[in-house]
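Here is what Swiss-Prot says about this protein:
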- TYR7, TRP8, ARG43, SER44, GLN45, TRP46, LYS50, ASN59, LEU60, GLN72, SER73: glutathione binding site (BINDING)
- TYR116: substrate binding site (BINDING)
- 2-88: domain 'GST N-terminal' (DOMAIN)
- 90-208: domain 'GST C-terminal' (DOMAIN)
- THR34: phosphothreonine (MOD_RES)
- SER67: phosphoserine (MOD_RES)
- SER210: phosphoserine (MOD_RES)
Amino acid sequence: MPMILGYWNVRGLTHPIRMLLEYTDSSYDEKRYTMGDAPDFDRSQWLNEKFKLGLDFPNLPYLIDGSHKITQSNAILRYLARKHHLDGETEEERIRADIVENQVMDTRMQLIMLCYNPDFEKQKPEFLKTIPEKMKLYSEFLGKRPWFAGDKVTYVDFLAYDILDQYRMFEPKCLDAFPNLRDFLARFEGLKKISAYMKSSRYIATPIFSKMAHWSNK
């Protein structure tokens, strides 16, 4: 029976999960919920089902795989990574994966807080000044490695790709000074299953955020 992945009909937190499902050639169906337009941003499509799915902490995204019902995006990613042995082979790789996972969440939240802020246009110039240092740290951490944990693909490469790509959309020149990050993105996009997925009708590159955001690269 196919797994069921539930989320809004946007890129959002589920982009790395969708790509990992595709990369592992997993059998899954998507339940995509649609949010209403302004000013109400009606969420009844999701709210009508929220407490009927048997989820311990009802939220989006969720993944249902037989008797396993999982919420929290990183918990879903880690579950899939363990299932397909993409969570690092050595302690050093697992440590690096843990660091990147949490660093990506910080970097993502900073962009989210800006894009949903009513003062988006006023705060954007100052935010742009902080991007080079963020990218510099990712570049130094990656170094000459092909992947963020080491020599092999792990689940955190899906997270890292997603956030670096979002920042590249937000500020197209932000990776100009970091050739290893640009090479990483190209390497990831060149993975056979990922390349095929990105060309398919199932792929959602944008909008990144919900209709409530002031920037979503629509």
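Cβ coordinates come from backbone N, Cα and C, glycine included.
On the backbone, the CA of TYR7 (glutathione binding site) and the CA of THR34 (phosphothreonine) stand 9 Å apart. Within 10 Å of THR34 (phosphothreonine), judged by CA to CA distance, lies none of the recorded positions SER67, SER73, TYR116. Among the recorded positions ARG43, GLN45, SER67, SER73, SER210, the ones whose Cα sits within 10 Å of the Cα of the residue listed as 'substrate binding site' are SER210, in sequence order. Long-range Cβ proximity for SER210 (phosphoserine), meaning a same-chain Cβ under 8 A and a gap of 6 or more residues, is found for TRP8, VAL10, GLY12, MET35, PHE41, SER216. The residues of the domain 'GST C-terminal' (90-208), classed with DSSP into helix (H, G, I), strand (E, B) and coil, number 82 helix, 0 strand, 37 coil.
Mean pLDDT across the domain 'GST N-terminal' (2-88) comes to 98 in this model.
Under DSSP, TYR7 (glutathione binding site) is assigned to a strand (E or B) in the three-state scheme. Annotation for SER73 (glutathione binding site): same-chain Cβ neighbours under 8 Å, separated by at least 6 residues, are LEU13, THR14, PRO16, ILE17, PRO61. Taking the Cβ of LYS50 (glutathione binding site) as reference, residues of its chain lying under 8 Å away and at least six apart in sequence are, in sequence order, PRO58.
Cβ contacts within 10 Å of ARG43 (glutathione binding site), excluding its own Cβ and spanning all protein chains shown: 16.
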